[in-house]
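Trainee: Encoded as structure tokens, here's the structure I'll be asking about.
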Amino acid sequence: MSRYFFYLFLMCMFINTIFFVPRLLMNERFDGAIMSVILAVIIGSTSAILFTKAMRKFPGEGLPEITARMLPGFLRIPLLLFLGVMWAIAGAVILISFSMITLRFLNPEANATVLLLCYCTVGAWSARFRPVAILNLAEFIIVLNSPFVLYIMFKTLSSPWFDWDSVKILSDYVLHPPTWTAVAAASYPFTGYINMALYNRAFNQTRLKGLWLIPIIGVSILFVSFVVPIGLLGIDSSGDYLYTWITAADTLRMQYGFIERVVYLFLFIYIGFSLLFVTVTWNVGALLIRDCFKRRNLTIKKVKVPLATIICVSFAAATLIAGIYLDDKSLIGFVAHWQILRLASETFLVLLVVWLSWRNKYA
């Protein structure tokens, strides 16, 4: 159980290195980002530990089974529907963002709609798999790609072009009060633990070791994701880029590598991470919504179609429509507001599961 938990945790940590977290923190770098990161580490680590320990009280059960036993239907169904939609949005914004990144950095001549359609198709197809198969896929992708990610992070920090003086300027803004947007963004990399709301079904044992690693890993990756763009692009100009981490990675070269520009290696690695993230989030979201209903299949023209498959296709269709109408800046603006809602709903879910575990203990 321990290793799969940390695979989900690392997936969220790595995926947020290049997407919205650095961009949102750059916007607040002079207005409370440092204090927000410190507060987010405390909130994220505490939530992860509390939620994980609470879920251990329900071995082999996911949130649908727990709420079915302990909550009335008029509360349970809206809760699962809302959480399912939140998980679906989490995957959708990553998919839309990565299609934009692919167009901008890898293949500018591709058709944007066709590219997003391909990503949505792969995401919906893979999200249909059983949770155990998805956990095994997560293990394969993370074990395969983690050494390359760590190498790139090391290369950025050891680059002769990395300006530590720009990073030191941040010390002048340490005492600025945190902002909700920055706290919500900085806490997002810790969110991998919340997938145990469903994947706890796959584990009948209650032991989970190494929870003390959560704040250490979180601080390390947040530090790198925040300071690398500042060190390589400058504290003033780092706020001028939409994709700060990708632009920072594009300043690096591998002199003796078969790929000279580090950004290409970086993006190809993150194709796997992005599709894995979408697979996990859409799988969790689809199963949460499916478990609101008694039926597991729908008959369409005398063919039984799993309800989870229909839900995944609906996620893909909604993502495709949203991707057609959103551009880079409007997507980031949407995510900034969604992050605040996510943090509030995630905190509520953690407190709810902790309360249910306490209630179950003394029932």
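Note: Cβ is positioned from N, Cα and C throughout, glycine not excepted.
Grabbed the feature section from TrEMBL, which reads as follows:
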- 5-26: transmembrane segment (TRANSMEM)
- 32-52: transmembrane segment (TRANSMEM)
- 73-98: transmembrane segment (TRANSMEM)
- 110-127: transmembrane segment (TRANSMEM)
- 134-154: transmembrane segment (TRANSMEM)
- 180-199: transmembrane segment (TRANSMEM)
- 211-235: transmembrane segment (TRANSMEM)
- 262-284: transmembrane segment (TRANSMEM)
- 305-326: transmembrane segment (TRANSMEM)
- 338-358: transmembrane segment (TRANSMEM)
Trainee: Go through 5-26, 110-127, 134-154, 211-235, 262-284 and flag the stretch with the largest number of C-beta pairs under 8 Å relative to the transmembrane segment (32-52).
Mentor: 211-235
Trainee: Check the transmembrane segment (338-358) against each of 73-98, 180-199, 262-284, 305-326 and return whichever range has the most CB pairs under 8 Å.
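Mentor: Answer is 180-199, with the largest number of Cβ pairs below 8 Å.
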Trainee: Are the transmembrane segment (180-199) and the transmembrane segment (110-127) close enough to be called in contact, which here means at least 3 C-beta pairs under 8 A that are separated by 6 or more residues?
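Mentor: As far as Cβ distances go (cut-off 8 Å, pairs 6 or more apart), the transmembrane segment (180-199) and the transmembrane segment (110-127) do not touch.
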Trainee: Where else in the chain does the transmembrane segment (110-127) make close Cβ contacts, counting only residues six or more beyond its ends and a cut-off under 8 Å?
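Mentor: Same-chain residues near the transmembrane segment (110-127) but 6 or more away: 91, 95-96, 98-100, 102-103, 134, 137, 275, 278-279, 282-283, 286, 312-313, 315-317, 319-320, 323-324.
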Trainee: Need a quick answer: max count of Cβ pairs under 8 Å to the transmembrane segment (134-154), which of 5-26, 73-98, 262-284 is it?
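Mentor: Between the candidates 5-26, 73-98, 262-284, the best contact partner of the transmembrane segment (134-154) is 262-284.
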Trainee: In the same chain, who gets a Cβ under 8 Å from the transmembrane segment (262-284) while lying at least 6 residues past its ends?
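Mentor: Same-chain contacts beyond the ends: 8, 11-12, 14-15, 18, 84, 87-88, 90-92, 94-95, 98, 101-102, 105-106, 119, 122-124, 126-129, 131, 134, 137-138, 141-142, 144-145, 148-149, 152, 155, 195, 197-199, 246, 249-250, 252-254, 312, 315.
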